[in-house]
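Chemist: Dropping the structure in here first, questions after.
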Amino acid sequence: IYISLYPCDIKELFCTATGLSRNTTISLLDSTGAMICETLHTSVFGHDYGCGLFSHLSDKEELFQNVLTQVAEQFSRAFKINELKTEVTNRLAMLEKRVELEGMKVVEIEKCRSDIKKLREEMASRNNSAFYLCSSFLDDNKKLTPRRDVPSYPKYHLSQETVEALRQPIFDVWQWEPNEMLSCLEHMYHDLGLVKDLNINPITLKRWLLCIHDNYRSNPFHNFRHCFCVTQMMYSMIYLCNLQEKFTQVDILILMTAAVCHDLDHPGYNNTYQINARTELAVRYNDISPLENHHCAVAFQIFSQSDCNIFANFDPEAFKQIRQGTINLILATDMARHGEILDSFKQKVDYFDFTNEEHVTCLKMVLIKCCDISNEVRPMEVAEPWVDCLLEEYFMQSDREKAEGLPIAPFMDREKVTKPTAQIGFIKFVLIPMFETVMKLFPQIEEVMVQPLRESRDRYEELKQIDDAMNEKKKSENLTMGGKKK
């Protein structure tokens with residue numbers, strides 16, 4: 001009889017007929033005992049298929065098999081095999097992508113090398129020194145690129161003694177290496193609460209300061225140490241005058257940031273030279289504070305780099321306020337505007353109103369001016385080396401002006417100026433009047449700032465008297481020698 005059944009039906013039929021468990025394994029064998037393949041041929045006479053018992057599981061074995069099945073399922077759930085497989089697949093895909101990107105980096109590095117080679121060849125071919133002097137940050141974009149590696153500074157952990165000294169106008173700025181000055185600047189931003197209160201990214205702050213350092217030139221005076229010096233004086237004035245009780249934290253941020261950025265990429269030759277020599281900066285800014293405008297431009301070119309933008313978490317309106325405030329203060333450092341700014345402050349100081357935005361802006365301009373030219377406030381051993389640095393820079397300019405046939409300022413001419421003559425007039429007619437005006441608003445600065453200025457003036461006047469006496473003596477000796485020769 002031919003019966004059309006599925007394999008599972010045949011198995012059940014045999015198991016039922018023989019009284020075997022459904023878990024029994026049934027195999028089809030030929031007459032020789034060999035297993036028959038899945039595609040069965042029709043049975044022929046004399047070559048019938050036989051049926052034999054291959055294996056039979058006992059009830060205990062069946063129970064054990066069920067337990068093993070359940071355990072396998074539990075293991076699969078516990079170890080999340082499918083999720084693990086997916087994660088491994090994703091990671092492999094990510095690694096393949098990284099390998100691809102690393103390959104692209106090699107190409108980029110080669111391109112950079114080629115660009116650097118071309119840039120060097122171009123710079124070597126330029127012989128126009130005047131162009132080099134006023135070359136803008138656009139010619140030196142590599143400086144504006146933030147450092148990807150953010151090293152820990154050698155003196156990152158400042159001692160309590162240093163922390164306290166840092167708040168004083170007498171702080172010795174000559175004892176610190178560049179990385180240590182960077183540590184101090186970073187500490188100031190944290191100590192004033194600017195990082196926490198204004199949600200500044202600490203890593204971005206580090207990168208920004210490193211980029212700032214890289215964009216100060218190695219001039220005798222207008223260099224990164226001068227930047228640190230001015231910012232440290234601003235920091236000390238904030239504490240000395242309790243400015244955090246009177247200003248908003250945004251105002252404090254503007255004061256500190258303007259101090260840090262106020263001389264960025266200074267070429268070592270002042271506005272007078274830029275204008276008289278008709279440099280690129282003077283042409284670009286129409287002879288209006290060319291250096292100060294350049295400092296502002298470089299500052300915000302740095303901020304435009306996402307890795308250096310300490311203002312990234314401010315909304316557009318707040319950023320606009322900070323940008324305008326910072327620019328106002330940096331432009332105020334142009335000494336050509338000294339009389340205008342001081343006169344404006346004198347008109348307000350007797351009835352000063354900290355709720356009046358115009359008054360506060362004027363005060364901030366005067367504060368950064370004070371800090372910018374505050375060296376003589378410091379002890380003599382700290383202040384005097386700055387005079388030497390400034391005169392060296394002045395003499396470099398006057399030498400160049402002579403070579404180029406440009407007008408020379410008497411206070412820059414190495415043949416006419418001395419240290420006492422350079423300082424006396426500046427202290428008497430610029431520094432003391434300005435600090436005494438600020439003293440009307442903050443009497444506490446008299447002892448630590450105004451009095452040291454008066455003492456410095458007296459000391460230089462004594463030195464001038466000594467110099468004058470020596471010059472008179474030399475003249476007399478020369479006259480005497482001349483008379484004897486006759």
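Cβ coordinates come from backbone N, Cα and C, glycine included.
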Chemist: Hey, TrEMBL has Zn(2+) 1 bound by HIS226, HIS262, ASP263. Any idea which of ASP343, ASP350, ASP353, ASP372 it lists too?
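Modeler: The record-listed residue among the candidates is ASP372.
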Chemist: So which residues does the compositional bias 'Basic and acidic residues' (465-477) touch in its own chain, when a touch means Cβ under 8 Å and the partner is 6 or more beyond its ends?
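Modeler: Hits for the compositional bias 'Basic and acidic residues' (465-477): 418, 420.
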Chemist: Given the binding-site residues ASN223, ARG225, GLN423, which lie within 10 A of HIS262 (Zn(2+) 1 binding site) by CA-CA distance?
Modeler: none
Chemist: Using DSSP, how many residues of the compositional bias 'Basic and acidic residues' (465-477) fall into helix, strand and coil, respectively?
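Modeler: Counting residues by DSSP class gives 13 helix, 0 strand, 0 coil.
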Chemist: Are there any residues at least 6 positions away along the chain from ASP263 (AMP binding site) with a Cβ closer than 8 Å to its Cβ? List them or say none.
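Modeler: Listed in sequence order, they are TYR216, HIS222, HIS226, CYS227, VAL230, HIS295, THR333.
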Chemist: Could you tell me the maximum Cα-Cα distance in Å between the residues recorded as binding AMP, namely HIS222, ASN223, PHE224, ARG225, HIS226, ASP263, ASP372, GLN423, rounded to a whole number?
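Modeler: Across HIS222, ASN223, PHE224, ARG225, HIS226, ASP263, ASP372, GLN423, the widest Cα separation comes out at 23 Å.
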